[in-house]
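**Q** As annotated by TrEMBL, active site, proton donor/acceptor applies to B:Y137. Residues or ranges marked as active site, schiff-base intermediate with substrate in TrEMBL: B:K165. Residues or ranges marked as pyruvate binding site in TrEMBL: B:T50.
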Protein chains: 2
Amino acid sequence: MTQASLFAGLSAFPLTPANASGKVETDALQTLVARGVAAGVDSICVMGSTGIYAYLTRAERRRAIDAAVSVAGSTPILAGIGALRSDEAIALARDAQEAGARGLLLAPMSYTPLTQDEVFEHFQSVASATNLPLCIYNNPSTTHFQFSLPLLRRLADIPTIVALKNPEPAQGSIAEELALLRTNLAAPFTLGYSGDWCAARALLAGADSWFSVVAGLFPVPALAMARAAQAGETDRVMQIDAQFAPLWALFKDFASLRVIYAAANLLALTDAQPPRPILPVPQEHTARLKAAIAPLVDWTAPWKTA
Amino acid sequence: MTQASLFAGLSAFPLTPANASGKVETDALQTLVARGVAAGVDSICVMGSTGIYAYLTRAERRRAIDAAVSVAGSTPILAGIGALRSDEAIALARDAQEAGARGLLLAPMSYTPLTQDEVFEHFQSVASATNLPLCIYNNPSTTHFQFSLPLLRRLADIPTIVALKNPEPAQGSIAEELALLRTNLAAPFTLGYSGDWCAARALLAGADSWFSVVAGLFPVPALAMARAAQAGETDRVMQIDAQFAPLWALFKDFASLRVIYAAANLLALTDAQPPRPILPVPQEHTARLKAAIAPLVDWTAPWKTA
């Protein structure tokens, strides 16, 4: 496996179950990781945005990686190492390497708005702190930072920076964006998408990866869609995507983080709630949520008896 | 002094000098606080945005408040207690009270975008954790949260929430905004502005307070402007504001945080830099910065020999 291909295919992003004080519930996390491993996802990334990296202490983040690695077998564990301070992100990168993570995911988390040069130096210092491959986590809705194309080119020249996780483009098609990025970022460089509702389009347009929140909870149907896309089975992709559609609608209404916690609660996989101030999906939407996950639960029926 | 009037007048927001690891340099902080006290500012708020609250640990934030309180005499020390987690903000509020802070400043810091209800519950839980008066810190450029008018009305009904710190309005005049807010928020409620470049306009329009970054470093001319405004001396206000104008231009070009660190370095008050990834103002702008602060330094000449 090349460094870049570590981030290719379906990467599952489970939530990180934690109690109200931010202590990670490692048993519940391991259950989620084991579901992904058994389904055969290509990698599992702990502490993405849904994995509440921004809300956990360094010690708890280390505990979460340790717990995930211990049940992952040969499935690569990736770890989100975003932090407001560069020294903290560097420490988190080293922790992740020590804990056995195989790759890093770095978002340009900000409070004071950052310049392009500041984000370059931040990524350079963090990417140089370990020899693990690193994926740029581009998520302006949470980081409020916009990567320019020149910045991406500079970052892609850093040896350990090998992948980009993009959101659905605000303008233009995913195919157009991929063509632009492939022209500008020297191969091998893995280009993938998050925002589960655009995954079918992204994969069919030739994206290398789907960085998936839903695969953190429903890895079997997510993997079925990813594999159908990799095989070029457009009709099959669209059929599976249609089964996810009611969930995508909920993601757009309440944000995927709130919805996936509520779904995990309904499946009795954890009773963890999002960290306050983030509130759960209001109770009156439970029937809608149950209906949205019903086809996915049936699909993963083997897990119900596991 | 009523609870609301605690936040009235000129509130100085010093930077928090800290080393590259985020350890607060309490001697340098005390020098900055003592300058404000000697000048006679109405309050001093440690750990505003320029006071890098978002980049310091709970322990360092406590050290900073302790240090400030110990040199503040009768000048009220206010403390920023923003945090991504509600339980953390509550702990910070209690720490601030224990350390002798007289009021709290709370920004709706976010990573996952927050709803109006989430911010209400966040503020309610934090405002209920102590009996200190609390000022709502509205700063969408860093928090990425927009307070609706209904939310402000709900918050103003919470007994300990007594003030609002607003940025320059994106649309309309400050006078129009103040009129709207005074109609909607039951008196006594203190309405003040940050964004130093709009301070003259805000004060002349009848704002109760100027929450001032520049007063954290140059309290004497800032206080002169505030007192002239309170006395209705429009010409004098505009004369003083004109002396600040080159600094306001730098604030707009590089953000006030970067500029005020560079100015403090030039004054040899601290050699602390902004926390990485935030970079200093590039060296090539030093001459411009020196020229901008020259009239303010002369104004504060007594301090140069202190």
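Including glycine, each Cβ sits where the backbone N, Cα and C put it.
Locate each feature and note its surroundings.
**A** Annotation note: B:Y137 (active site, proton donor/acceptor) sits in a strand segment as assigned by DSSP. In sequence order, B:G48, B:G80, B:G82, B:L105, B:L106, B:A107, B:P108, B:T143, B:K165 are the residues near B:Y137 (active site, proton donor/acceptor), counting only same-chain partners six or more apart with C-beta under 8 A.
There are 26 other CB atoms within 10 A of the CB of B:K165 (active site, schiff-base intermediate with substrate), with all protein chains counted.
Around the Cβ of B:T50 (pyruvate binding site), the same chain contributes B:F13, B:P14, B:L15, B:V213, B:G216, B:S256, B:L257, B:I260, each under 8 angstroms and 6 or more positions distant in sequence.
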**Q** Taking each of B:T50, B:Y137, B:K165 in turn, which of these recorded positions have a Cβ less than 8 Å away from a Cβ in chain A?
**A** none
**Q** State the three-class DSSP label for B:K165 (active site, schiff-base intermediate with substrate), counting H, G and I as helix, E and B as strand, and everything else as coil.
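**A** The residue in question, B:K165 (active site, schiff-base intermediate with substrate), is strand (DSSP, three-state).
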